[in-house]
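Asks: Feature annotation from TrEMBL assigns transmembrane segment to 20-40, 71-92, 104-127, 133-153, 272-291, 311-334, 355-378, 390-409, 416-438, 450-470.
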Amino acid sequence: MPGSGSGLSVRRCLTFTTGLVECLCFAGAVFGWASLVFVLKEEGYFSSLCVNGTGVNGTHVLDCTEQDEQFSLIFTIASFMNNFLTLPNGFLFDRFGTTVTRLYGIFLYTIGTVMVAFSTSVLAILLFPALSLLAVGGILFLMTNMQVGNLFGSHRSTIITLYNGAFDSSSALFLVIKLLHERGIALRSSFLFLSACSVIHLLRTFFLLPRKLIPYPLPDNYTYGITCGKSDNRIGEVAENRDAQKVEEVPLNKDASAKQEKSFRDCLLSRFFMWHLLWLSVMQLRHYLFIGTLNPMLQRLTAGESSLVSQYTNAFAITQLCGVLCAPWNGLIMDRHKGKPRAEGESEQEVDLRATVLSLFLTALQCLLFSICASTPYLPLQYLTFVLQVLNRSFLYGGNAAFISVAFPSCHFGKLYGLVMALSAVFSLLQYPCFALVKVLDGDPLYVNIGLTLLSLLAFIHPLSVYLHCRSVSSQRVKNKAMTQSS
């Protein structure tokens, strides 16, 4: 039978596996921008902005600062759109469900790849909308896949962080395109192939994902997707929606009831949301500025030696592949208490929150170490910088989604996730003034890097705030218990 346990198990495994491949191979490609920039420079994009200059010894050199600024602006706009449009996309996802959201995302992604394919050095301006479309379409792939964690109960946080790690690792896609380009495969051919892969995304949308949303906690005998050989999918969808409504209307336990009492406005104005927004924003800014200025930084540290720049660019892109390996460790940190007995009177949310403290702290610590290494103008040290960068990015975005799912009601997840990403995107626009400041300082980013390193210290406020909250709740529970026993 289609609804049998073995059939459901196979379908869930296929959903998980194909979602991981989708995030790993497509979703976050835009963050491999440094590899694509290397190809675009070879193809002569914005080369007219390079001018003859004079070097330190009176030698004639080619000054391509204006060209680098254009590439940095493209990435700034794309990364902003990636985050800012997550807010309306979150409302779209909550309102219309998985199928509609994914069809919209596939359309944007396909148009973006086609625009890059047909761009040339003469039509370099097409890169501005194309990269933004790739970014927005990619984040929609991630958003619709993160709900797959709801299918696996106690491993929910681990799967959410794993998908976010795969999203980070997909930035290596542009490295593959760079390596293919070096072997004679045209840029246009690579991006037309990516466009053709949209057929796979469409098949997965209709056969391996629900039409609406995957509820949490998961109802008994929950089914989704089109059943091959049957025409009663509409009935299955009605049953699915009815089960989802039961979960929302009738909480399974008192903890869920207390959690659902919070309105969206209460969540928005809470201390948790404010500090979490700051935690994400300062670290995201550090990462975006590093990625957007990686190529000119390598040009400076290698004195413009093309082979060395290519070598370090490849090393950076290869380390991005490790994101999918790093991210699950963050999920395991958050899920480590699952299955263990709770203290008397201790709620599930309180235990989940306490488990996030270590994750939030480690993420902030990683960012500080990464920023210190990135600020040090010593070329071989950049290998360590690349490792710390991918580790921190994996923890950052996986931890962001997992914390929101733990600290706030599930009915507000899409809206809160979209809002925190949108507001952090506004903050990330500071990367362009930072880049302009580096230009004013004759291309030396040292002082800007020091400033960003000091700014990243603000991220430690969030784990401290959550820790103090958990300790306060625990103390109050012990006090109430003592008063009950004495009376």
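In case you wondered, yes, glycine gets a Cβ from its N, Cα and C as well.
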Asks: Between the transmembrane segment (20-40) and the transmembrane segment (416-438), are there three or more CB pairs that fall under 8 A, provided the residues in each pair are separated by 6 or more in sequence?
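Replies: No, the transmembrane segment (416-438) and the transmembrane segment (20-40) are not in contact.
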Asks: Please work out whether the transmembrane segment (133-153) lies in contact with the transmembrane segment (272-291), by counting C-beta pairs under 8 angstroms that are 6 or more apart in sequence and asking whether there are at least 3.
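Replies: By the criterion, they do not touch.
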Asks: Does the transmembrane segment (20-40) make contact with the transmembrane segment (450-470) through 3 or more Cβ pairs under 8 Å, each pair 6 or more apart in sequence?
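Replies: Contact between the transmembrane segment (450-470) and the transmembrane segment (20-40): absent, because fewer than 3 Cβ pairs are under 8 Å.
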Asks: For the transmembrane segment (390-409), find every same-chain residue at least 6 residues outside the stretch whose CB is under 8 Å from a CB in it, and list them.
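Replies: Same-chain residues near the transmembrane segment (390-409) but 6 or more away: 146, 156-157, 160-165, 167-168, 259-260, 262, 267, 272-273, 276, 280, 283-284, 287, 319-320, 322-324, 326-327, 329-331, 334, 349, 352-353, 355-356, 359-360, 362-363, 366-367, 370, 416-417, 420.
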Asks: With Cβ-Cβ distances below 8 Å as the criterion, list the same-chain residues six or more beyond the ends of the transmembrane segment (272-291) that contact it, or say none.
Replies: 31, 33-34, 75-76, 79, 83, 360, 363-364, 367, 370-371, 374, 389, 392-393, 396, 400, 403-404, 407-408, 416, 420, 423-424, 427-428, 430-431, 434-435, 448, 452, 455-456, 458-459, 461-463, 465-466, 469
